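Listed in TrEMBL:
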type: DOMAIN; residues: 1-302; note: domain 'Hcy-binding'
type: BINDING; residues: Cys205, Cys287, Cys288; note: Zn(2+) binding site
Amino acid sequence: MGILERLNAGEVVIGDGGFVFALEKRGYVKAGPWTPEASVQYPDAVRQLHREFLRAGSNVMQTFTFYASDDKLENRGNNLKLTGAQINEAACDLAREVANEGDALVAGGVSQTPSYLSCKSKADVKAIFRKQLDVFIKKNVDFLIAEYFEHVEEAVWAVEVMKETGKPVAASLCIGPKGDMHGVSPGECAVRLVKAGAQIVGVNCHFDPMTCVETVKQMKVGVEKAGLKAHYMVQPLAYHTPDCNCQGFIDLPEFPFGLEPRILTRWDMHKYAREAYNAGIRFIGGCCGFEAYHIRAIAEELAPERGFLPSASEKHGSWGAGLEMHTKPWVRARARRDYWENLKPASGRPQCPSMSVPDSWGVTKGHADLMQQKEATSKEELEQLFDKSKTH
């Protein structure tokens with residue numbers, strides 16, 4: 001069955017995790033540009049990560065095509081000698097190969113563009129999306145996702161182009177309860193996306209699971225109030241972000257190399273999965289920071305609704321049951337649900353605060369600081385940014 005048939009039947013669809021962050025940690029993606037050339041350069045690494053998510057319970061193999069538009073691939077000196085078409089084709093082939101090893105669908109994804117931030121025209125931005133979608137249609141992906149959009153206006157443009165293909169369309173914004181970067185509320189964002197043609201709407205990235213679930217709840221209220229219908233999706237960060245502002249985790253001083261103390265445990269993921277399900281969300285996955293064990297936790301929490309456990313549960317006792325086999329008696333005493341469900345993990349960092357103060361530069365599309373360029377960032381430009389950072 002396709003994505004809409006599954007959702008219409010009330011099935012839980014489990015997404016995959018955050019390829020960009022996971023592959024950066026493994027040495028296959030460069031932090032900064034965050035582009036997915038690994039699909040061509042290191043296909044075995046991408047294939048293996050797909051397989052880990054499939055084994056953990058994912059129903060969707062999302063093509064590793066994040067930021068694979070030509071304008072992003074050549075932004076700020078990122079001279080890869082690869083085209084978006086080459087990367088997108090390789091990513092589609094890898095996703096399909098692994099999806100065929102299980103009961104998974106392939107989703108082709110497009111993301112926000114430097115051209116939009118630089119105030120290029122609607123026609124110019126749509127042409128970028130259309131070029132990416134040509135590959136997804138050629139490779140016959142099962143459905144399309146417009147993901148990681150800070151501005152609903154650009155996401156609507158993406159959805160409008162996607163609808164031309166006849167494929168099912170999902171749209172996911174990287175926003176929180178305060179709305180997009182132009183102040184459009186989550187409810188209004190969702191209404192605009194559904195009217196543009198998206199059958200599935202929601203959020204991904206930038207915020208922690210509970211914040212994202214709350215944001216999708218607001219979307220659902222807005223859609224229903226407008227007399228419209230949609231399915232809902234959520235693919236949040238695997239980091240706790242109670243101190244984030246409207247911009248989300250990229251404003252945190254720990255972004256991107258010091259986020260590890262904020263990582264959610266597998267038990268936190270159980271709570272997230274249940275909260276999302278109870279909110280009426282049926283497409284539940286993850287984004288940056290999510291590893292396969294996080295997805296397995298979602299699949300295990302929702303096993304009663306899905307009717308089965310993922311393959312990876314073969315090596316994981318429910319709620320720590322495998323600890324019954326441990327050699328140390330005090331560890332065996334932790335083989336119970338109430339222990340892990342009520343644990344408050346320590347960070348082991350006595351000199352560190354529990355929360356941070358986000359960088360709040362307050363700039364978005366149209367501001368001179370966000371104008372993009374093909375040339376590498378110069379030393380002089382960096383010095384100006386270093387000085388500016390001291391005043392924020």
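Cβ coordinates are placed from backbone N, Cα and C, and glycine is handled just like the others.
As the structure is a computational prediction, the values presented were derived from the model and not from experiment.
Within 8 Å of the centroid of the Cβ atoms of Cys205, Cys287, Cys288, where the record puts Zn(2+), the same chain has further Cβ atoms from Gly18, Val20, Phe21, Tyr148, Cys174, Asn204, His206, Gln235, Pro236, Leu237, Gly286, Gly289, Phe290. The local packing around Cys205 (Zn(2+) binding site), expressed as other Cβ atoms within 10 Å of its Cβ over all shown chains, amounts to 28.
All protein chains considered, the CB of Cys288 (Zn(2+) binding site) has 27 other CB atoms within 10 Å. As a whole-number mean, the pLDDT of the domain 'Hcy-binding' (1-302) in this prediction is 95. Listed in sequence order, Gly17, Gly18, Asn204, Cys205, Gln235, Pro236, Leu237, Ala238 are the same-chain residues six or more apart from Cys287 (Zn(2+) binding site) with CB atoms under 8 A from its CB.
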